[in-house]
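Asker: Quick paste of what TrEMBL says about this protein:
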REGION    23-49  region 'Disordered'
COMPBIAS  26-41  compositional bias 'Acidic residues'
DOMAIN    64-158  domain 'RRM'
DOMAIN    169-247  domain 'RRM'
REGION    255-320  region 'Disordered'
COMPBIAS  287-303  compositional bias 'Basic residues'
COMPBIAS  309-320  compositional bias 'Basic and acidic residues'
Amino acid sequence: MSSDLSALFNNAKKVALVSVPVKEEEPVEQEEEEQEQEEEVVERPKKKARIERKYEDPSIANAQTVFVGNVPSGCTQKELKRLFSKYGTVDSIRLRNIVPLNPKRGNRLAFIKKEFHPLQKTITAFVRFADESQAKKATSLNGELYKEHHLRVDMAQNQNEGAKHDNKRSIFIGNLPFDASDDDVWKTFEECGEIESVRLVRDRATSVGKGFGYVLFQDEASVALALRMDGNCQVGHRQIRIKAARVKPVIPPKKYRRQNKKFNSTNFDPSDGTDGVQQGRIEKRPAVKLRKEKQKKKKKQHAVKTNNSRKDVIQLKKKT
């Protein structure tokens, strides 16, 4: 046993540790790195090319566009396109006068989520056609009942230019409830005759009525029947006032003051040597002269010969 151990230790002495040389990585110089970075070209994302829109005359666009009023607030663009597409090709539809429940969110988000002001029942729209003739055909929808709302359809050009309103065929309505709708007024006066349009004046910010409006009939005889209802007609919980629509008074131009006859060009005499200009101070009119003379006489009569302002001092008149 002992011989085996001694032989093992003798063999262990003969074993020599061999160190294997490890190749160290050569350090990369900073200059070479900087050169490589400079050589590398970073490709930046290309900017999107701007779409250049052609200039379009606004008068042409208005001639091809139709204004639609009293549209139900729940109506969508697809439904309106389906309604007007039978008159021609519809290029675009814009919805306006949307009052959101939360003003911070904006009109577009309010329309998508259908979060309107609780008092808003209707909105307005602009429908543009490919041709002007198609837009004129679409105005035949004026007064048509759509989802229990009488639509008011007219050319957008008339709305922008403020077309003249026919006062002979229209009446003025006052003392209306603020939450009254166009259809409430329509139902009240449809017995008097065929109605062309109903327009209630509303606040732009809240779309709430201001308490007055106008009704345009198709015949002048209907106006007389509507005026007889004054004092016996109610809309909602209020008794309304009915009057004939009045034309705004034409203010005459300002009258210029008449020129003095002394400086009239007809009295110009070139022999005077004054070139038509009177020298010195302009003489006053005789009426002004008389008034000034009377005022001077009164001052002389009431002149006081004392400097004291006490009441107990006797005031003496000047001797003339």
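Please read every residue number as a count from 1 along the shown chain.
The backbone N, Cα and C atoms fix where each Cβ goes, and this holds for glycine too.
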Asker: Looking only at the domain 'RRM' (64-158), what are its DSSP counts of helix, strand and coil residues?
Answerer: 31 helix, 33 strand, 31 coil
Asker: Can you check how the pLDDT averages out over the domain 'RRM' (64-158)?
Answerer: 88
